[in-house]
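To keep things clear, I will list the structure first and then write my remarks on it.
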Amino acid sequence: MAQGPVIVLTGTPGTGKSTHAELLVNESPLPLRAINVSEWVKEKGLYEKYDEEWQSYTVDEDRLLDELEPIVAEGGIILDWHSCEVFPERWPDLVVVLRCDHSKLWERLEKRGYPLKKIQENNEAEIMQVVLEEARSSYPSQIVIELQSETMEHLETNVARIVEWIKQWSANQEDS
């Protein structure tokens, strides 16, 4: 039996995934471990090449999934990544898509020092709801939720909502 739920926390870069994940690890009633998949890919060398123009890694998805499989099987994990469709449908118990107004997102990405081309691409992806559509087409609708992530109030409300979901998940596990 899983030690805790598998939560995929996704959204365009700059929507607050890592901040949400960190708070969830601290506030969850069950022990959770967060994996920032982008950092993990770099640390473990799970990429095919580095793209200088886009300043990003081309992920070796097969190796990534092979590495994550035993960790996900244990449960109690948050997968924090800007993409979600690579994860098998059977993995997540909950998929959280964080959304942010594109002008606020632009500011956040500028502060990170992203090149203009990368800011534009990510901004367009947010406007076109690319990550949300990816989540909706990859997982059952009842496990996909969309949350706004623009203010500290949103952050606190979102974390509280997910903590309540974790409590319900835990109660359901005990009942079955």
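In case you wondered, yes, glycine gets a Cβ from its N, Cα and C as well.
Summarising the environment of G14 (ATP binding site), the number of other Cβ atoms within 10 Å of its Cβ, over all protein chains shown, is 24. The feature ATP binding site is assigned by TrEMBL to G14, G16, K17, S18, T19, R112.
Per TrEMBL, region 'NMPbind' is recorded for 36-59. Packing against the region 'NMPbind' (36-59) from elsewhere in the chain are residues 17-18, 21, 67, 79-82, 86, 114-115, 117-118: each is 6 or more residues past its ends and has a CB under 8 Å from a CB in it.
Across the region 'LID' (111-121), DSSP helix (H, G, I), strand (E, B) and coil residues number 7 helix, 0 strand, 4 coil. Under the heading region 'LID', TrEMBL lists 111-121.
Other C-beta atoms found within 10 angstroms of the C-beta of G16 (ATP binding site) number 23, with every protein chain shown included. Each of P13, T15, H20, R108 belongs to the same chain as G14, G16, K17, S18, T19, R112, is absent from that list, and has a C-beta within 8 angstroms of the C-beta centroid marking the ATP site. Mapped onto DSSP helix, strand and coil, the region 'NMPbind' (36-59) counts 8 helix, 10 strand, 6 coil. Within 10 Å of the C-beta atom of T19 (ATP binding site) sit 16 other C-beta atoms, taking all shown protein chains into account. In this structure, of the binding-site residues K17, R112, the smallest number of CB atoms within 10 A of the CB marks R112.
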